[in-house]
Amino acid sequence: MGVGRRMKKQGPPAPLDQATINLIKKRKAAEAEAKAEGGKKRRKAAADSEPEPETKKLKTKAVKAKANGAVANGKPGKEQKSEAPKKTPAKVEKSKKSAKAVEPEPESEDDDESWGSGSAPDLDQLMQDEFDELDGVSDGSDAEDGKFDEGSVFDSEEEDHPREKMFSDDEDESDAEEKLTAANIEGLSRKLDEQRELEEEEARQEMQDSALQTNIAGERPDIFGEADTAAKAGIAPNMQLLRTRITDTLRVLGDLATLGQPGKSRADYMQLLLDDICTYYGYTPYLAEKLMSLFTPMEAFAFFEANEIPRPVVIRTNTLRTNRRTLAQALINRGVVLQPVGKWSKVGLQVFESAVPLGATPEYLAGHYILQAASSFLPVMALAPQENERVLDMASAPGGKTTYISALMRNTGIVVANDASKVRTKGLIGNIHRLGCKNTIVCNYNGQEAFPKILGGFDRVLLDAPCTGTGVISKDPSVKTNKTERDFLAIPHMQRQLLLAAIDSTDHHSKTGGYIVYSTCSVTVEENEQVVQYVLRKRPNVKIVDTGLGSFGSEGFTSYMGKKFDEKMTLTRRYFPHRENVDGFFVCKLKKTGPSPGASKTNGVAANNGVKSDKSASEAGDTDVEVIDKTPITDDNGNAIGEDAFGPFDEEEDAELIARAERNRLRRKGINPKAVLDKKTKKDEKNGKKEDAAASSASEKEPSTEQESVDKRKKGSKKEKKEKTPAETETEIPAEVKPSADASSSPSSSKSKKIKKAKK
Ligand SMILES: C[S@@+](CC[C@H](N)C(=O)[O-])C[C@H]1O[C@@H](n2cnc3c(N)ncnc32)[C@H](O)[C@@H]1O
């Protein structure tokens, strides 16, 4: 298949370039200083290239504001960060690679820089390949793709749906890049400066690291003594000292035998590290421990650090309305400094500075772009929706992914955008209108209950599940303290049920699809691999398949804390702020291979298909989940067959028909059905509970009828008995067998309730 073909050729997207943003900020600060001192030549050159002096002033202000924002964001050590960005070994390594990657091609376009921190060893060559390939692909064709992988996914789709035909007359991509770069001359003029600064920073960091090494070499730092002293003093911790102790502890943990103090175990150091991280970064011990368990101590530190830094701002061109070149030009004219997010994506733009609010430009209001985190593109790229398909976005508000799906489908087919929150659907509807998505229907259901009961048989389903948000702490630091143990039980439970519903809503006979993508913006195993593992047990009719996102990101875990997961979990993808400089994300793609087996039901909805939950589900201690697989039944050619094409029989509907038949039967016998109803049931009937009322009152509230029935039963033939409907049995049941009759009535009752629920 085409999925991943382009990715193979062009290589994975490089991480977003935070270094460039940091450098721009630093450069601006230095620029201001230099100006105060009389100015520096190279800054003047940059100033000369600035077409509009007023805009430049504004930009400088914007940068300062940004820099201040960065300082204000995250309590501890912020000043330190803004002055000399703290670099973990991983970051230093990235910087090295970045500098190397950018260096050989000074004349190349901005893209190289924006992805210059890529970790791929032969990034230059990969970039070159990407660039070559762009010539054959139109700008608009990929425009819907996100900043990162969109390009590759989109390309993968092109084999079956050559979108370039629709948009190939947009422009020559190489020309577009050049024009864009020329227009964005300021960014280009900084390139060499930035490269040099990268190298300088790298050298500084190395010196700092080696100095630190020297300090502790040959001695065993008394880290615990420091901690005790501070604790005894009862004073607020000095953040600078705390940070130093964290790095010291990390070093000791790296060589415990040499540096560890006698009598102190690894666990002691880990506990100290955990405590210090909680104090320094402001996490609850519960969450800090959970997050630390995902990494080595050193990498955990890098992760916590990355959570203190905002991710790069990225916008996605909406190709339903424009193309990237036109958009970039328009924004540059407004004083936005940007560059293409990567050559493999012709729609993503990384924004470095903006003199105007990006959420209020005329282009924004006209729906030419949407502000969208780079990682948000990944699930949609993995979903790879095709034109003319039926796609369900099960938890869709505010619609970043929905609108992307819609655009990838070129406004063809149908996108059902659902969200359980009515309030949030307002934002969703706003985005759909603004971006001009005309193939999208919005609905407001609890995904667990509504699908596939109300609607099923989709070619593809995206479940971008509600989650704890541990991947987006830089955006929402409240996650550090407001997520409790209970959340980490309740939320994964909901995610499991939603994913089961997503699977059951997918048409495994789809000629073009049959795929489900599950994603979260959380990094915990409970919300990711464990959820997938659960549904693999519950639904043997799905398997994990390649996301098509190439080697970008890390593989999902195949084991965690003694738990073993499906070996294909390596096909799932994890993204981390400190590795890829994107929000933490998880993406898993599933392929449905057959109809869902009878399984279980959650949310207290009684099973109505008579199929019991499977063994594994019971073992897992889950409540039963009702499964109504509305996958159309088709012949070998995939053509729908007769009535079954609309799905299996609806037992709830049948129950209503049976109850009606019972009322008619009573009438035929000369009995007024209403006469057998007591006042209560009459009230119920008025409220629409006719079936329940008829059943229960006939069996319990009408002694004469019941007695008559018993007499009849005594005399009656076996044949008559056999002919009785369940409702009849219920009506005429002898007193001694009432319990079972009641039991038989209760599903009917619960079914009526469900009918009403569904109707609502
Ligand atoms: C991660 S957000 C979705 C973001 C969206 N996919 C986007 O790209 O803009 C999760 C969404 O799930 C919705 N949600 C929560 N519980 C749900 C449920 N049971 N069924 C459907 N949607 C639900 C929330 O209202 C929230 O909007």
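Just so you know, glycine gets a Cβ as well, placed from its N, Cα and C.
Among D459, D464, the residue that TrEMBL places alongside A395, S396, A397, P398, G399, G400, K401, D419 at the S-adenosyl-L-methionine binding site is D464. A 10 Å cutoff on Cβ-Cβ distances gives K401 (S-adenosyl-L-methionine binding site) a total of 25 other Cβ atoms nearby, all chains included. Within 10 Å of C521 (active site, nucleophile), counting CA to CA, the binding-site residues A395, A397, D464 contribute D464. Among the record's S-adenosyl-L-methionine binders, A395, S396, A397, P398, G399, G400, K401, D419, D464, no two C-alpha atoms are more than 13 Å apart, and one pair sits at exactly that spread. Around the Cβ of A395 (S-adenosyl-L-methionine binding site), the same chain contributes N418, D419, A420, G447, L463, D464, A465, P466, L498, each under 8 angstroms and 6 or more positions distant in sequence.
The C-beta environment of G399 (S-adenosyl-L-methionine binding site), restricted to residues of the same chain at least 6 apart in sequence and closer than 8 Å, consists of A417, G427, L428, N431, I432. Within 8 Å of the Cβ centroid of the S-adenosyl-L-methionine site, not counting the listed residues A395, S396, A397, P398, G399, G400, K401, D419, D464, the chain contributes D393, T402, A417, R424, L428. Mean pLDDT for the domain 'SAM-dependent MTase RsmB/NOP-type' (303-593) in the predicted structure: 96. Residue density at C521 (active site, nucleophile): 25 other Cβ atoms are found within 10 A of its Cβ, drawing on all protein chains shown.
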